[in-house]
Amino acid sequence: MQKLLFVFSVLLTVVLATAPFQVQCPSSPLIREAKHELCPEETLYLKKKKIKTKNKLIQFLKSLTEAKFSSKFYKRVLKDPPKIGIAISGGGYRSMLVGTGFISQMNDYGLFEYSDYIAGLSGGSWILMDLVVQNFEVKSLLQEWDLEEDLLLGIPEFDISEEEIVTNAKKEYNDNDLKMKKRQGGSLITSSSNFYEQIEEIMNSIEEIPEDYMITKRNLNPLARLKKIFFPNNTFTGTDAKIETFKKVLDFYKSLHLKIKPKKMEGFQISFTDYWGKAIVQRLKKNFDDDPNHSFSFSKLVNSSKKFKECSVPIPIFVANCKNGLLSNVIFEFTPFEFGSWENILRLFVKLPYLGSKIVSGKAEKCINNFDDLGFITATSSSIFNNVLIFIWNLASQSSREAMKALNMVMGIFGLGKEEIFSISKDSSRLETDYAVYQPNPFYLYPEKDNVLTNKNHLYLVDGGEDGENIPLRTLVIPERELDVIFVLDSSSDIDNYPNGSKLKRIFEKLDEENVHYQFPNNVKTFTHPIVIGCNATKRTGHDSFLPIIIYHANANHGNASNTSTFKITYNQSEVSSMLPTGRGVFSNDYDLYYKNCLGCILTKRTMDRLPRKKKFSPFCLQCFKDYCYS
């Protein structure tokens with residue numbers, strides 16, 4: 001027992017080093033009202049980056065032997081270089097692996113470091129975390145990931161589309177009796193009878209709930225079907241081995257609890273997303289949580305990166321959705337500089353290092369650092385996996401009396417014990433911990449902003465793709481960023497785990513409501529090649545700048561099938577080796593030399609559009625626009 005307490009004490013000392021802590025508040029305001037400008041730090045970074053990387057584009061253009069650009073053309077581009085963004089969709093490891101190949105090919109062309117922004121959500125956000133961990137060295141991506149170990153220990157692989165997960169997410173519970181039954185399903189099982197019989201009883205109680213009443217995102221359906229995977233024949237053979245496996249699973253989740261505890265001890269609300277964040281970080285071979293001298297703060301990691309300090313890499317942007325009230329498709333973003341939203345309902349930002357501070361009416365009362373944990377932010381953007389964690393907690397906490405007591409004791413410390421999870425609270429102020437909880441809300445009671453984002457002292461954030469907006473495009477399209485071209489990689493699972501363009505269409509419909517008009521290519525049957533949208537020099541409504549050109553790339557079979565399930569949580573080396581070339585093929589159009597040359601025309605089109613003279617493009621570029629631009 002003493003040895004166990006000693007180990008616990010040592011581990012707790014280590015993880016406390018990464019917990020949020022109080023600091024002295026700065027004299028300058030922490031909240032910025034976003035009127036029509038970027039924050040000063042972002043503006044300065046882009047100004048320095050333009051000087052640092054503009055020659056990379058010239059090098060790429062000079063490598064294009066068919067386009068034959070002139071020296072006069074190069075001078076124009078150097079004088080007014082295009083601004084480029086990258087948007088990586090969700091899709092679990094599928095998105096991360098295809099996306100890694102995608103930006104690796106960009107890097108080979110010299111276009112990755114030239115780009116100004118890279119935005120990711122859900123599985124795409126894992127690429128951003130990897131980039132930050134690897135000091136933005138594209139060639140080092142995936143080296144720290146242990147892809148052969150289960151991402152969530154104890155959960156088998158299954159194939160459910162993101163669309164199926166979020167289909168009924170907006171439904172509300174109206175039947176309290178049914179709700180009570182759902183939450184109490186199996187929760188009173190505490191006897192020491194056969195362990196697997198208890199699990200079976202729990203699963204049966206879950207399946208008794210009428211299908212029409214189930215909320216797929218926020219309860220155990222469709223995860224109840226995993227019973228068939230755990231127990232395909234309804235038989236429980238090899239009990240000793242299974243109990244040993246379960247102990248391993250339990251140890252895994254206990255370790256997550258231990259790493260989350262310091263945040264709770266500092267008085268912060270804990271949610272399932274905290275555990276999910278630690279689970280993601282544990283899949284890194286170098287466990288940063290075990291290094292007492294290493295902060296995993298997003299702002300600190302990025303701003304200590306050599307390449308980022310040199311202003312030679314794109315700014316990473318994590319995207320999440322807000323669920324306060326009945327909001328939908330209200331997006332928030334995390335950059336290394338600030339956190340907030342460009343949505344008209346808010347347009348406020350807080351300096352990222354001070355996220356977690358108590359700020360009321362725009363004035364700082366207690367300042368915190370280290371709340372911006374990179375794992376937590378990544379998990380927030382990819383919290384569609386929360387339902388998997390909910391499943392494992394229900395499975396584990398209803399096991400044998402000994403295991404249940406051990407787990408319930410640890411969970412109770414965080415306010416996530418059996419009683420809290422399975423009971424109906426009459427306290428309306430109680431927070432929904434299956435969302436990512438950001439409390440204190442930095443925008444609480446902000447003057448002249450009385451709405452659901454400011455009248456509560458918490459923000460609920462969820463997977464960036466939960467409302468069907470699975471591509472982080474809108475955060476890049478805003479006029480303040482003045483982008484000319486956006487590379488989009490869509491690895492959504494619309495049909496057979498391949499995208500069909502529906503996510504892009506949904507975003508265009510949302511943009512249309514904001515007077516930002518793109519025409520969706522309805523006459524395109526398949527999305528196996530890049531499609532260039534918005535080539536025509538269309539100016540924004542109410543602005544003097546042009547809308548950015550969107551180069552849409554869809555994950556497709558480029559010699560290797562890449563339609564693995566979003567919830568496939570292990571990949572062996574052979575599988576990884578087959579996915580990465582797909583991403584390269586998607587970006588390069590299967591290494592098509594003509595397309596590569598045309599890319600030079602497309603990337604510089606807005607630069608030429610801004611020239612006053614009408615005759616601007618070479619015959620070669622005009623043919624490229626005809627071949628690839630959708631109008």
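Cβ coordinates come from backbone N, Cα and C, glycine included.
Now, the feature entries from Swiss-Prot:
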SIGNAL    1-17  signal peptide
REGION    24-67  region 'Required for lipid-binding and function in meiosis'
CARBOHYD  Asn233  N-linked glycosylation site
CARBOHYD  Asn293  N-linked glycosylation site
CARBOHYD  Asn303  N-linked glycosylation site
TRANSMEM  376-396  transmembrane segment
CARBOHYD  Asn500  N-linked glycosylation site
CARBOHYD  Asn536  N-linked glycosylation site
CARBOHYD  Asn560  N-linked glycosylation site
CARBOHYD  Asn563  N-linked glycosylation site
CARBOHYD  Asn572  N-linked glycosylation site
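On the structure: features taken from Swiss-Prot.
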residue: Asn303; record: N-linked glycosylation site; Cβ contacts under 8 Å, 6 or more apart: Lys309, Pro336
residue: Asn500; record: N-linked glycosylation site; Cβ contacts under 8 Å, 6 or more apart: Asp494, Phe527, Ala554
residue: Asn560; record: N-linked glycosylation site; Cβ contacts under 8 Å, 6 or more apart: Ser578, Met579, Pro581, Thr582
residue: Asn563; record: N-linked glycosylation site; Cβ contacts under 8 Å, 6 or more apart: Arg94, Ser493, Asp496, Asn497, Tyr498, Asn555, Asn557
residue: Asn572; record: N-linked glycosylation site; Cβ contacts under 8 Å, 6 or more apart: Leu147, Glu148
Within-chain partners of the region 'Required for lipid-binding and function in meiosis' (24-67) [C-beta distance under 8 Å, separation at least 6 from its ends]: 73-74, 77-78, 81-83, 109-111, 113-114, 116, 310-312, 315, 335, 337-338, 340, 342, 347-351, 354, 357, 359, 362, 364, 366-367, 442-443, 446, 479-481, 593-594, 596-601, 603-604, 618, 620-621
The region 'Required for lipid-binding and function in meiosis' (24-67) - residue tally per DSSP class, helix then strand then coil: 23 helix, 3 strand, 18 coil
Count of other CB atoms lying within 10 Å of the CB belonging to Asn536 (N-linked glycosylation site): 14
